[in-house]
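For reference, TrEMBL lists these features for the protein:
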REGION    1-36  region 'Disordered'
COMPBIAS  21-30  compositional bias 'Basic and acidic residues'
DOMAIN    31-187  domain 'Thioredoxin'
ACT_SITE  86  active site, cysteine sulfenic acid (-SOH) intermediate
């Protein structure tokens, strides 16, 4: 087995390998149409003024349940911190529209990337975030278990997340927003379906449909 296979590289040409490296998200026993987000422990860095020195941060483990249990949230994932589309449009636009999402029953908005906690913290600070919380999936475990881990060796990135978003209610996925063309070493970087504007319009339409 190669290093990439052992690490969990997505191989869309090999169905058997694909099912192992990007397994289907867990499903609820009560409803086969509901997908449960995988249980993963994330290694985060949180500010702690009791820590001496110029870098007052400490490690803190947070699990999938810490983020998603008991609330309705939006998770969006992208190829990498500090990359152009992510930094110029997707992340800041989600932050700007946060209060609009709240009006439609969203309690938290999370941005996840296959980057370590140091990179994600630096990106959040540089972006001047006010509402969106960042989740570091440094090893790609969550992304792989969500079926969204892809190779981006053509850009020198290694393994990263495909661009997608999901509405998650108490750890169960209500709706997916996955950009088209999910594949390894994709030459393009689609950005439309997972935009905050599209998700907000979808939430509005669902609310309208449910209103008598």
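A Cβ is built for glycine as well, from the same backbone N, Cα and C atoms used for every other residue.
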Averaged over the domain 'Thioredoxin' (31-187), what pLDDT does the prediction give?
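Within the domain 'Thioredoxin' (31-187), the model's average pLDDT equals 96.
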What is the number of other Cβ atoms found within 10 Å of the Cβ of residue 86 (active site, cysteine sulfenic acid (-SOH) intermediate)?
23
